[in-house]
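Going by Swiss-Prot, these are the annotated features:
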type: ACT_SITE; residues: Lys29; note: active site
type: BINDING; residues: Pro113, Met114, Gly115, Gly116, Gly117, Val118, Gly119, Gly120, Gly121, Ser122, Ser123; note: ATP binding site
type: ACT_SITE; residues: Asp155; note: active site
Amino acid sequence: MKSHQFSTALCQNTTQSNGQPLRFPSPAKLNLFLYINGKLPNGYHELQTLFQFLDFGDWLDISIREQDNQIVLTPEIPNLKTENNLIYRAAKLLQEKANIQLGANIHLDKILPMGGGVGGGSSNAATALVSLNYLWQANLSIDELAKLGLTLGADVPIFVYGQAAFAEGVGEKITYCEPAEKWFVILKPDDSISTAVIFQDPNLPRNTPKKSLEQLLSEPYKNDCEKVVINHYSNVEKALNWLLQYAPARLTGTGACVFAEFDHEAEAQAVFRQKPEAFFGFVAKGLNVSPLHAMLKQLSSTHTHRQSKPEVL
């Protein structure tokens, strides 16, 4: 059975036989807190939010196509044309930017829920950019990759840089940080959230005072979107209320996923075993360094080690 928890699989994933794909992690993220500080004249909202990665997510199996420059993406996603898929668009952007003549076979092993607020699509796009930059030896800097990623989505650069981060403004001001790496039970209620509906709601708080990162990290975390979301979506409210029986719990982003935090894995697993069948969910540890970057560091170390081995006579 394939593992969607990266820590158990990465150590076995740094060798590639000729023509065989490499598996690259595409992790989920949580917004550990989210505060709305104001609304700008252009309609955008000023935010303060804290991103952290999870040791859980999708995999992208990628191999180089030397015979042509085609991007072959599988499987097909219902009601989504391949050319509109963020993974495909990321690959084509990198090809054009770096003038790459090679192609790629990309298989998405999908587990993260669509529309859950855990960054699945943005993470997939970032993993495509970062991994193909490595495989194609495109040699773009991390800043160049992040700029490409920003054209695909506001959250893509966070996944490209691969470090837990505090974001301010409309998301353009980034400070890297190291919040506690706790264990989480994440539930995905059967609701599809409209972010536009949430941000247009007149009851959405829009005047939370700005605070320093140090102060925010020392206070209980909250999400300003939570009350509005549960007013619109009853299944989110049910999932959140269930988690609150056991531990502090919040919405991530605008949902639909909700999460509860624990200090130890055993506590999280014990609660998860009692999960109602109606909710998709998983247990994962928070990570301040993306598993994708951990893998690339491992790959680079392995490559350097092999190059430095003395020749056997």
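Glycine is treated like the rest: Cβ placed from N, Cα and C.
Not measured: the values here are computed from a predicted model.
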Here the recorded positions are Pro113, Gly119, Asp155; the one whose Cβ sees the most other Cβ atoms within 10 Å is Gly119
Same-chain neighbours of the ATP site, Cβ within 8 Å of the mean position of the Cβ atoms of Pro113, Met114, Gly115, Gly116, Gly117, Val118, Gly119, Gly120, Gly121, Ser122, Ser123 and not counting those residues, run in sequence order as Ala28, Leu112
For Lys29 (active site), the close binding-site residues (Cα within 10 Å) drawn from Pro113, Gly115, Gly121 turn out to be none
Students should find that the Cα atoms of Gly121 (ATP binding site) and Asp155 (active site) sit apart, in Å rounded to an integer, by 9
Residues near Gly115 (ATP binding site) by Cβ (under 8 Å) yet at least 6 apart in sequence within the same chain, in sequence order, are Ser192, Ile193, Ala256
Among the binding-site residues Gly117, Gly121, the one whose Cβ has the most other Cβ atoms within 10 Å is Gly117
Students should find that the Cα atoms of Pro113 (ATP binding site) and Asp155 (active site) sit apart, in Å rounded to an integer, by 16
One should report the C-alpha separation between Gly117 (ATP binding site) and Asp155 (active site), rounded to whole angstrom, as 11
Whole-number Å distance separating the Cα atoms of Ser123 (ATP binding site) and Asp155 (active site) is 8
Counting every protein chain shown, other Cβ atoms within 10 Å of the Cβ of Ser123 (ATP binding site) number 29
Around the Cβ of Lys29 (active site), other Cβ atoms found within 10 Å total 27
Reading the DSSP string in three states, the entry for Gly115 (ATP binding site) is coil
Quick note, Asp155 (active site) and Gly119 (ATP binding site): C-alpha atoms separated, nearest Å, by 7
